[in-house]
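Chemist: If you scroll down you'll find the structure; I have some questions about it.
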């Protein structure tokens with residue numbers, strides 16, 4: 001528990017102190033966000049607000065995880081693990097892809113950033129590497145950081161994605177990992193449209209997964225097979241990483257809350273989407289994350305519905321998508337939308353955590 005608290009505290013402090021440094025640097029260089037002319041008119045006042053603040057989040061997460069790992073090594077209570085390093089690597093890699101996108105927008109004057117093909121190739125390459133490595137590095141119990149089984153509250157024994165001939169099974173599993181990572185990174189990216197919305201919502205998800213993975217650690221099968229125990233490799237390290245993400249998001253939110261002094265940019269949103277996806281795979285709760293991160297799912301779904309409605313029927317289901325803009329254009333103040341969406345995110349996270357805990361109770365008979 002001490003390591004989790006340290007990770008959260010260090011992540012928060014690093015993020016909250018690094019962010020204003022970025023604000024001053026980017027403001028001095030005139031590196032501000034361009035605002036879509038077809039977006040909500042109230043957003044035009046945000047033109048010129050510094051972006052790429054996700055750098056502070058990534059520094060916060062990395063420093064917090066590293067410091068906690070060093071403390072664990074020194075005290076003999078643990079250290080860096082394959083699971084934690086792989087999820088952190090995924091987060092940083094997607095953050096790097098987002099940084100390239102932001103860099104092109106700001107330094108090269110190309111408003112759309114990376115083209116769709118480059119983003120697709122980048123996400124595909126990162127996903128394939130993560131998917132290949134997640135099934136390696138077994139521990140003494142033979143557990144690898146990830147599993148080829150689809151998972152809800154734990155692995156579903158009857159749903160093994162690596163079915164059929166070995167090559168086919170590997171291809172199916174890697175395709176699933178790509179879809180998962182692409183979906184979550186894009187969903188968080190779409191949610192990052194209002195001051196504080198993505199940072200606050202991600203903090204809620206990270207807080208929930210800090211609790212879930214710590215519970216997996218407390219009831220790990222590695223401590224002796226008992227009813228309801230979890231076959232998850234390195235759950236404590238995952239809890240530490242989630243806590244680091246929680247702290248870093250809260251530190252950034254201090255400056256990103258309305259009126260935002262800086263935006264996280266694709267550097268932050270793609271990275272946080274990767275962190276969400278990576279934690280779901282490593283904790284073997286991919287389907288549960290859909291409930292816990294339901295706000296991100298709804299935001300992404302609103303875009304899909306809007307595009308489908310216009311392409312098939314030439315009608316717009318929402319005033320504007322993602323649907324946080326639908327409510328803005330309906331007269332809600334930006335802060336009202338953000339707070340109410342945080343409430344939705346919190347309720348979804350509570351439902352997901354309750355289902356997780358309820359399943360454990362049903363297996364243990366407590």
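A Cβ is built for glycine as well, from the same backbone N, Cα and C atoms used for every other residue.
Note that the coordinates shown come from a computational prediction; the quantities given were computed from them, not determined experimentally.
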Chemist: Can you say which of 31-51, 52-72 is given as transmembrane segment in Swiss-Prot?
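Modeler: Per Swiss-Prot, the stretch marked transmembrane segment is 52-72.
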Chemist: Quick one: find which recorded stretch in 3-23, 80-100, 197-217, 238-258, 287-307 has the most Cβ pairs under 8 Å with the transmembrane segment (52-72).
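Modeler: Looking at each of 3-23, 80-100, 197-217, 238-258, 287-307 in turn, the most contacts to the transmembrane segment (52-72) are made by 3-23.
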Chemist: Is it the case that the transmembrane segment (80-100) and the transmembrane segment (238-258) have 3 or more CB pairs under 8 Å, with pairs at least 6 apart in sequence?
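Modeler: Counting Cβ pairs under 8 Å (6 or more apart in sequence), the transmembrane segment (80-100) reaches the transmembrane segment (238-258), since there are 3 or more.
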Chemist: Let me spell it out: take the transmembrane segment (262-282), skip the flanking residues so only those 6+ beyond its ends count, and list any with a Cβ under 8 Å from a Cβ in it.
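Modeler: Here the qualifying positions are 19, 22-23, 26, 33, 49-55, 57-58, 61, 83, 86-87, 90-95, 97-99, 101-102, 113, 126, 130, 134, 145-146, 177, 180-181, 183-189, 191-192, 198-199, 202, 205-206, 209, 213, 232-234, 238, 241-242, 245, 249, 252, 255-256, 288-289, 293, 296.
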Chemist: Considering only the recorded stretches 3-23, 120-140, 161-181, 197-217, 238-258, state which has the highest number of Cβ pairs under 8 Å to the transmembrane segment (287-307).
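Modeler: Most contacts with the transmembrane segment (287-307): 197-217.
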